[in-house]
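Over in TrEMBL, the protein carries these features:
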- 12-32: transmembrane segment (TRANSMEM)
- 14-146: domain 'EamA' (DOMAIN)
- 44-62: transmembrane segment (TRANSMEM)
- 130-147: transmembrane segment (TRANSMEM)
- 159-180: transmembrane segment (TRANSMEM)
- 161-290: domain 'EamA' (DOMAIN)
- 192-211: transmembrane segment (TRANSMEM)
- 217-238: transmembrane segment (TRANSMEM)
- 250-271: transmembrane segment (TRANSMEM)
- 277-295: transmembrane segment (TRANSMEM)
- 302-321: region 'Disordered' (REGION)
C-alpha cells in the first residue's frame, strides 16, 4: 500500500506531528550517545530496534493494519533496504560516540544531498541547477565542520573519526532511500518500519557472541528510552506525512538541530566551535532546498499536487523503526 496522500486541511496537525518527530529523534540520539560510553554498538542496535517494535505494532493495531500490514510484495526489497539501513545505523552510532550531538545530527542532513548523485546514477534522474548547487554547498559545510580538527599542532582524531562515520552513514542512507522509493510503491510506511526494526534487531543480536557488556541500571534505562523514543518518533513522522505534503513539513525536520544544540549545552556542557556550527547550518540550509526544488518542479509541470521524491527524515536510518 503506497503512502497515503495528505489532506491540506490537516496541515497544522501534520506540522505538530513533524515537530514532535524531530524532537523525539534527537531524544533518541541523546540516549544512544549516553549508552555508547559503556555498551558496544551491536548491543545498542539490538536494544534500539527490538524496543521500537512494540510501539510500531501497537500503532499498526490502532490503525487497523495488523497483522495484514506484515504482508509484503517485496521481501527481497526489504532485505536490500536493511543492508543499507543497518550499516547506516551502526555508522550513525559511531558518529554519535565521537561527536557532539549537534554535529552528528547535522551530518544526518547530508543524506538528501547525497541522494542526488545516487538518484542520477541509479534512477537516471536529472536534477536542476538549484539541487546540484545545494548538494555542493552541503559538501562545503562538511569542510567547515572538519576545519577545527586541523587547528593546532595535532589532529583531532575524534572529530575525524566522527565526521568520517557520519559521511559514510549518509552515503548508505542515500542508497537506502533509493530502495525505500521502490518499497513505498507497494508497502505502507508501517510495514517498512516493522521490517526495518525486526531485521536490524536480529542483526544486532548476531553480535552477542562477539561480546556484550553488562549494563548498569542507568545505561539500561538509556537503552530502553532510546528504543521507545525511536519507535514513537517514527510513528509521529508517519502521522505527519499522512496529514501534509512533504515539502511543507520538511523545514520542521531541521528543528532537530536546535534540540541537539540545547542538549549539548545543557546536558554535556558542550558549545560547538564557530566554524563547525556554521558548517552544520550550511548543511541544514542546503538540505532544505531539496524538497523546495521538488515542490517547484511539481508545480511548474502541473502533473503533481505534491512532490513525489521520497524524502525520509534526515536521520532515517538510525530512526526508521
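Placed from the backbone N, Cα and C atoms, the Cβ positions cover glycine too.
Remember, TrEMBL labels are computer predictions, not curated facts.
Taking residue pairs at least 6 apart in sequence, the transmembrane segment (159-180) and the transmembrane segment (250-271) share fewer than three C-beta contacts under 8 angstroms.
Pairs of Cβ atoms less than 8 Å apart link the transmembrane segment (44-62) most often to 217-238, out of 12-32, 130-147, 159-180, 217-238, 277-295. If you average pLDDT over the domain 'EamA' (14-146) in this model, you get 87. DSSP states for the domain 'EamA' (14-146), grouped as helix (H, G, I), strand (E, B) and coil, give 107 helix, 0 strand, 26 coil.
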